[in-house]
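Undergrad: So Swiss-Prot lists these for the protein:
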type	residues	note
BINDING	Asp7, Asp141	Mg(2+) 1 binding site
ACT_SITE	Asp7	active site
BINDING	Glu68	Mg(2+) 2 binding site
ACT_SITE	Glu68	active site
ACT_SITE	Asp141	active site
Amino acid sequence: MRVLGIDPGLTRCGIGVVDGAVGAPLTMVAAGAVRTLADEELPARLLGIEKGIEQWLDDYQPDAVAVERVFAQHNVRTVMGTAQASAIAVVCAARRGLPVSLHTPSEVKAAITGSGRADKAQVGTMVARILRLDSPPRPADAADAVALAICYLWRGSAQERIARARQKFARTIELARQRHGL
């Protein structure tokens, strides 16, 4: 399975692509960032992020997308920009019918390092170890995006299978009720 991870941001939107499956070795395919200029108008920045994400989706053809869930920060302007970039990422994936999984920063940190309180350096170090790399992907936003993809492969795909099984079960029950007039 190929997963594209996205660490949303207005100035730097980290992106990483990882191939793998639960119980199998993981391989980093690519890592980088979509960048916009801080002095550009917001609509132009959002369009730039969309074009960049679409290009990554075209180039790497992922099976799923993992996006960092926006959490409340003290700086409202920062969280708004991050939320807008996150929405662009989700829309790009949804437009293609790709499964999207949102992961909190602490969930990703816990999956990668074993601690939800790990710092960026610890996450980067563990990403490099997990993927057998000489050094963490750069910039740090790309390493975070790769960590998101790993988190999806280790956790998100299982959660998705459970959700699909629940939906299938609910449909089966509904069909049985209809057949028996309940």
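For all residues, glycine too, the Cβ spot is worked out from N, Cα and C.
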Undergrad: Sorry to bug you, but what's the C-alpha spacing from Asp141 (Mg(2+) 1 binding site) to Glu68 (Mg(2+) 2 binding site), rounded to the closest Å?
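TA: A Cα-Cα distance of 11 Å.
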Undergrad: When DSSP states are folded down to helix, strand and coil, where does Glu68 (Mg(2+) 2 binding site) land?
TA: strand
Undergrad: May I ask you to report the DSSP-based helix, strand or coil state of Asp141 (Mg(2+) 1 binding site)?
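TA: Where Asp141 (Mg(2+) 1 binding site) sits, the three-state DSSP reduction gives helix.
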Undergrad: I'd like the number of other C-beta atoms within 10 A of the C-beta of the residue listed as 'Mg(2+) 2 binding site', please.
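TA: For the residue listed as 'Mg(2+) 2 binding site', the 10 Å Cβ neighbour count is 27.
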Undergrad: Taking every protein chain shown into account, which of the binding-site residues Asp7, Asp141 has the largest tally of Cβ atoms within 10 Å of its Cβ?
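TA: Answer returned by the neighbour count: Asp7.
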